[in-house]
Amino acid sequence: MIPKGLTNFALLIHNAVEKGLLLFIATFLTLIVSNSSCASCYEAFFQTKISLAFAHHSLGLSIREWINDLLMAVFFFSVGMEIKRELVVGHLSKGEQRVLPLVGAVGGVVFPIIIFILFNKNYELNMKGWAIPAATDIAFALGVLALCGKGLPISLRVFLTALAIIDDLIAVLIIAFFYTDSLQLQYLWYVGLCVIFLSILCSKKIFSGPIYLVTGMIMWSLILASGIHATIAGVIMGLFIPITATDGSKPIENIEKSLYPLVAYIIIPVFAFANSGVNLSNLSWEVFCSPIVLGITLGLFVGKQLGIFGTVYLLVKTKITSLPENTDLKQFYSIAIICGIGFTMSLFMNVLAFDEVEEYTSIVKIGVLSGSLLSFIFGALVLKITQKTN
């Protein structure tokens, strides 16, 4: 249960360790199951088709697709609300507060992509995964910070949170613009009408749970039919929830608190369990040294460090901006390392990029797990050293 009186930021930090542990347990269980005699049952279960029919329309998806398309839309709904709250009233509401995390996030996206391209530019199919090392898993990152950085200033946690939110926003834009194979424009017209309707409600500060729920379900089905990934519906819904309603209530704050246990303790671990399974029996140095695994592993572990810390260092040394009070560059370097824990979002990008190529999805998971594990171990070590020296 989430204690009363938690601020929005404390709500995000609350139980970060438990969230990280849940993800770790889900991944560990998946690796055990997918490398046991139950592997075929595991895969068969998630490939099981479930169909829903309404009037003259029907929708049939596998259990894994329901998780990736519907449950993750709820996760992205929480991401959309988080982005809006932070931009309007939170840690990104003022220009000077946005500079370091904004530039750091952009650097942390660009450098991993560059590293991935350097390794894979000659392999056309590999290049579909260019965005995989660009993501940061905020649950894991905050979990590591909570475990190993208890004595560090709160401003570092604020920076990490703000950076991860901007990182999520960039990931949403990448999904919308680069992982859409073909568009069915006739459905997008109706999506546009839904957006106009939501914008009117939001501008008038009108909030009704049933109205938003029905509109969200309609928009989700339309976006799914349009060819754009259905999780974008969740982001759009989140952005159009009013901060404060006409009756004085705070819809975003209330929904976030209600949704928090579902997202943190069910949706994300279930997603990890459904998508992180990989058969390790054929693991070899040849696999680890393949361009796609090297591109993802080094993109997460090296690219994130270079991109985030490099841009922060340049901004500070050129006096464009300054570090928050009571912080130093060593502490920011430790934050840059743990941002290389891509996991959830990287696995999600893997689903979008290589869903039809099973061999690639397995190899990519090795890269994601390797890069995230290296970032976790090295980041935890540097955090501990930094804590002692300060």
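Each residue, glycine too, has its Cβ placed from N, Cα and C.
Record features (TrEMBL):
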- 20-45: transmembrane segment (TRANSMEM)
- 99-119: transmembrane segment (TRANSMEM)
- 131-152: transmembrane segment (TRANSMEM)
- 158-180: transmembrane segment (TRANSMEM)
- 187-206: transmembrane segment (TRANSMEM)
- 218-241: transmembrane segment (TRANSMEM)
- 262-280: transmembrane segment (TRANSMEM)
- 292-316: transmembrane segment (TRANSMEM)
- 332-354: transmembrane segment (TRANSMEM)
- 360-383: transmembrane segment (TRANSMEM)
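For the transmembrane segment (218-241), the list of distant contacts is 59, 69-70, 72-84, 172, 175-176, 179-185, 187-188, 190-191, 194-195, 198-199, 201-202, 207, 212, 251-252, 255, 352: same-chain residues at least six beyond its ends, Cβ to Cβ under 8 Å.
Packing against the transmembrane segment (187-206) from elsewhere in the chain are residues 212, 215, 218-219, 222-223, 225-226, 228, 236-237, 240-242, 244-246: each is 6 or more residues past its ends and has a CB under 8 Å from a CB in it. Under the criterion of 3 or more C-beta pairs below 8 Å, with sequence separation of 6 or more, the transmembrane segment (99-119) and the transmembrane segment (360-383) do not qualify as touching, having fewer than 3 such pairs.
For the transmembrane segment (262-280), the residues of the chain that approach it from at least six positions outside its boundaries are 15, 18-19, 22-23, 25-27, 29-31, 33-35, 39, 42-43, 46, 63-64, 67-68, 71-72, 74-75, 78, 139, 343-344, 347-348, 350-351, 362, 365-366, 369, judged by C-beta separation under 8 angstroms.
When each of 158-180, 292-316, 332-354 is scored by its Cβ pairs under 8 Å to the transmembrane segment (20-45), the top-ranked stretch turns out to be 332-354.
Most Cβ pairs within less than 8 Å of the transmembrane segment (332-354), among stretches 158-180, 292-316, 360-383, belong to 360-383. If you look at the transmembrane segment (360-383), the same-chain residues 6 or more away from its ends with a CB under 8 A from one of its CBs are 27, 125, 129, 132-133, 137, 140, 144-145, 147-149, 152, 275-279, 283, 287-288, 290, 292-301, 304, 333-334, 337-343, 346-347, 350-351, 353-354.
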